[in-house]
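Participant: I am attaching a structure below and will ask some questions about it afterwards.
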Amino acid sequence: MPAPYEKGSEKKGANLFKTRCLQCHTVEEGGPHKVGPNLHGVVGRTSGQAQGFSYTDANKKKGVEWSEQNLSDYLENPKKYIPGTKMAFGGLKKAKDRNDLISYLVKATK
């Protein structure tokens, strides 16, 4: 079972985003979709629902409302959390890294 989410370092999370996520995602409002969807407003949004992005049926059918905790669960192993997702990222195994990244995303995607 994944570790419970705890607020992390937004600064470290920003660096993780730049090195692990930026090649496929944007965070700013109105930002373009890339290989992955724009993440603006991700917390509170239902999986597979970013306007204009072509999701797999698996993402659409998962029907999870993204929270800090289930983002942490997902980011530990995306293909295990949503079998059939096209997200190629293998995951962040360290809870601290997930906490830092999610703390950054919460702020950067509002």
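Positions of Cβ are set from backbone N, Cα and C atoms, glycine also.
What Swiss-Prot records for C21, C24, H25, M87 is heme c binding site. The N6,N6,N6-trimethyllysine annotation in Swiss-Prot covers K79.
Walk me through the surroundings of each of these features.
Facilitator: Around the Cβ of C24 (heme c binding site), the same chain contributes K34, V35, G36, F89, each under 8 angstroms and 6 or more positions distant in sequence. Under the three-state DSSP scheme, C24 (heme c binding site) falls in the coil class.
Secondary structure at K79 (N6,N6,N6-trimethyllysine), taken from DSSP and collapsed to helix, strand or coil, is helix. If you draw a 10 Å sphere around the CB of K79 (N6,N6,N6-trimethyllysine), it holds 16 other CB atoms from the protein chains shown.
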Participant: If you measure H25 (heme c binding site) to K79 (N6,N6,N6-trimethyllysine) at Cα, how many Å is it?
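Facilitator: Computed Cα spacing between H25 (heme c binding site) and K79 (N6,N6,N6-trimethyllysine) is 17 Å.
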